[in-house]
Every structure is written in structure tokens, then in C-alpha cells.
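Notes follow once the structure below has been shown.
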């Protein structure tokens, strides 16, 4: 990594020496979590596609732990004592993608914490867990690194709608969200980045038969029913390839 990214990694305890100090190899031969016990769904879609809203509903339905990559980064940028919060803030404001090492490690740490809490309910027995990871991976290198080093993903929930609809939603949200990137200039930058860098991720997982495309243009309730049906079919073993609903 460039020197400035090494500094971010140091601040977030992501550097190689910290891994060595905890006995963790800097290059893993196997993922940190076993796919047979830990189920990971990536939740993707353009900015404003409604990912967070639908994740909240699916948590209630199926007992997932919902992890938002964006929320974890925003929390880190605002963490008291973080020397590099402003740098993360700049990436987000400019619609750019924060260095992969930072995001992947934040997600891994959050998953470890959730598993250590010993959640109750279906899917959390005997060291098992189920996660919805929202807004990640946004680039191919993130996808590959996470699958290889953290946990191989099982399914991608891909929420689709038009840019016009997403822009309208985000501008409304921006009136109350307090997010620096909920303005028209930042939103349009995010759309460009999404097309250039995230759509290849969708194609990558589609080639593996892991993508469930869900039309998110309808009402929240209608989209929820579609997503709920997809997840129920997955856990029933009824999804073995890409589907569209």
C-alpha cells in the first residue's frame, strides 16, 4: 500500500505487524470463517436503491446480523482519536471507494464481534452465524479479498431501479440524513463509480450463479416480499442459480 494508506491501516490496527502480534498470519491459506457455518449475503444496488431499508426487514424475518460497510466507515471517521477520519471522510464525500484493506478488516472485526455475542435464534447455533453485508463489495479486488480471506459469500441480493428514481430518493433523504454525500454533485459521482466499478462485481457473481436480482422500484412492502421470498428459498435449498424477481 502507499505510505498514507499504511498510516490508515496502523490507525485501524490493520497493519501486518499487528496481525503477527496476535499470531495471525499476514497471508491466510483459508478464510477466517467457514462458509459451512457462517452464511454471508452481499446486498448490492445503486445508491438509493433501498438496500438499508430492506436489510432491516430481513433482519426481522431471518435473524441476520446486518453490517453496513458505509456505516462502519462513517463510524470510524467519527471515532474520537482517529487521526485519519478526515481522509476517510474525503473519500466518501468525493464518491470514491475507501482503501480495500480498511473496509475488509472493519467487516471482519464486526463479524467476529457478532459471533462472540452468541446471538440466539435460528442460524446462530453451535458457532454458526448469518450476515447481510450491505453496500459491499464495491470493487472486484474487495470481492476477491473478502471471499479468500474472510468468508466465501453465498448469495448476492441485487436491488435494481433507475438512476432517476435513486436520485429522487437520495435528495429526499439528504434533507434529514446529515450525510455529506447526499447532495446532487456527490450522488452523480457515486453513480459513475457504481457503473464503472461495482457492476463488474455483479457480473462476476452472476457468472458463479449467485445473484438474485430484485426490482426495487415498487413500494417498500412489495420489494420486501420479493426479497423475503428469495431468502426463504435459499435457506430451503431451492436456489441453485441466478434468479430475477
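Cβ atoms here come from the backbone N, Cα and C positions, even for glycine.
Since this is a predicted model, take the numbers as computed values, not measurements.
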> From 6-36, 68-98, which range did TrEMBL mark with region 'NMPbind'?
Replying inline: 68-98
> Which sequence positions outside the region 'LID' (172-182), separated from its termini by at least 6 residues, show Cβ-Cβ distances below 8 Å to it?
Replying inline: 48, 74, 89, 92-93, 95, 190
> Per the record, ATP is bound by 48, 49, 50, 51, 52, 53, 173, 218: how many Å separate the farthest pair of Cα atoms?
Replying inline: 17
> Where the record says 74, 96, 97, 98, 135, 136, 137, 138, 142, 179, 190 bind ribonucleoside 5'-phosphate, what is the longest distance in Å from one Cα to another among those residues?
Replying inline: 24
> Taking only the binding-site residues 74, 97, 135, 142, 190, which one has a CA atom nearest to the CA atom of residue 218 (ATP binding site)?
Replying inline: 135
> Given the binding-site residues 53, 142, and counting only Cβ atoms in the protein chains shown, which has the most within 10 Å of its Cβ?
Replying inline: 142
> Within the chain of residue 50 (ATP binding site), which residues six or more apart in sequence place their C-beta under 8 angstroms from its C-beta?
Replying inline: 159, 161, 169, 216, 220, 223
